[in-house]
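**Student:** Pasting a structure below so you can have a look.
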Amino acid sequence: MALRDIFLLSMAMTAVTVQACPSACKCTVSLYGEMVVACGGMGLTEIPEDIPHRAVYLVLKDNNITKITSYSFKGLRNLQGIDLSNNKINHISSAALRHLGHLDDIDLSRNELTSVSEKLFDFPISSAKAQGRRFFVYLANNPWGCDCRMAWLAQELAGGSKTFGDRHMECATPAALAGRGLSEIPQTSFVCTGRDISFDSDGIIATPEESTAFPVAYKVAVVFGCITGLVTILLLVLTAMLYQKRRIRLGSKYELRWNKHPEFV
């Protein structure tokens with residue numbers, strides 16, 4: 001085979017266009033069979049649903065994506081790298097990465113995140129440790145709200161974390177902490193008030209204190225169930241009392257008839 005033919009063959013193998021690629025993306029397969037799905041700078045407002053399951057690297061930077069749900073990466077178990085930098089993400093479900101056991105890094109820098117759940121990274125971190133790999137998260141240049149929800153990350157950074165980068169990790173709120181690095185702030189400064197309302201890691205409206213406990217919707221359901229049960233019991237008791245009272249009245253009526261006209265009873 002001529003040198004020219006070898007060159008053309010290698011070029012074809014390193015840039016194979018995949019038929020099942022989302023319309024807003026470009027899919028290529030490397031010489032080693034690793035698929036790269038590039039959807040950067042396409043004005044996307046959400047993650048495409050038809051990303052090929054064999055994708056290894058997913059590039060979604062420079063778009064207008066606002067949230068990551070628990071189903072955003074469903075079926076994409078082969079992902080090793082995700083680039084979501086420079087979007088408008090303000091909410092990430094704590095279950096978004098729950099199936100990504102091969103993930104090496106995720107870039108969430110330059111978004112609009114004010115808080116992030118520690119649970120979000122549990123599965124990728126534990127999987128990386130079990131496989132002897134390194135897992136890294138880029139979180140720089142987000143408007144962090146330095147309250148109780150971010151205490152865990154501040155503690156990680158202060159301890160010299162090898163998973164979370166500490167560059168450009170400054171507080172945006174509250175005003176007293178604005179501009180200060182998370183790793184420099186004492187744990188006692190990360191406090192919440194009952195008036196602070198926000199979306200928790202699963203998208204349920206709750207106060208920061210409630211975000212670490214049971215979701216508000218769950219509590220409301222429990223209270224509603226208790227009230228419904230109590231009302232049902234009261235209705236049953238009332239029905240039983242009315243039935244008993246009716247039996248007594250009927251018994252008295254028949255007794256009276258017996259006394260007056262025993263021959264007709």
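Even glycines carry a Cβ here, placed using N, Cα and C.
The annotation signal peptide is assigned in Swiss-Prot to 1-20 on the grounds of sequence analysis. Under the heading domain 'LRRNT', Swiss-Prot lists 21-50. According to Swiss-Prot, the disulfide bond annotation covers Cys21-Cys27, Cys25-Cys39, Cys146-Cys171, Cys148-Cys192. Residues or ranges marked as repeat 'LRR 1' in Swiss-Prot: 51-75. Positions annotated as N-linked glycosylation site by Swiss-Prot: Asn64. Swiss-Prot lists 76-99 with the feature repeat 'LRR 2', giving sequence analysis as the kind of evidence. What Swiss-Prot records for 100-123 is repeat 'LRR 3', and it gives sequence analysis as the kind of evidence. Feature annotation from Swiss-Prot assigns domain 'LRRCT' to 142-193. Here Swiss-Prot flags 220-240 as transmembrane segment, drawing on sequence analysis.
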**Student:** Counting distance between Cα atoms, which of the recorded positions Cys25, Cys27, Cys39, Asn64, Cys171 is nearest Cys192 (disulfide bond)?
**Tutor:** Cys171
**Student:** Based on DSSP, tally up the residues of the domain 'LRRNT' (21-50) by helix, strand and coil.
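**Tutor:** Once the DSSP states are binned, the domain 'LRRNT' (21-50) shows 0 helix, 8 strand, 22 coil.
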**Student:** Of Cys21, Asn64, Cys171, which is closest to Cys148 (disulfide bond) if I measure between C-alpha atoms? They're all recorded positions.
**Tutor:** Cys171
**Student:** Among the disulfide-bonded residues Cys27, Cys146, Cys192, which residue has the largest number of other Cβ atoms within 10 Å of its own Cβ?
**Tutor:** Cys146
**Student:** Neighbour count, 10 Å Cβ-Cβ cut-off, for the residue listed as 'N-linked glycosylation site': what number do you get?
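**Tutor:** Within a 10 Å radius of the Cβ of the residue listed as 'N-linked glycosylation site' lie 13 other Cβ atoms.
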**Student:** Tell me the Cα distance separating Cys171 (disulfide bond) from Cys25 (disulfide bond), rounded to the nearest angstrom.
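**Tutor:** Their Cα atoms are separated by 34 Å.
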**Student:** Whole-number answer please: how many Å between the C-alpha atoms of Cys171 (disulfide bond) and Asn64 (N-linked glycosylation site)?
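**Tutor:** That comes out at 23 Å between the alpha carbons.
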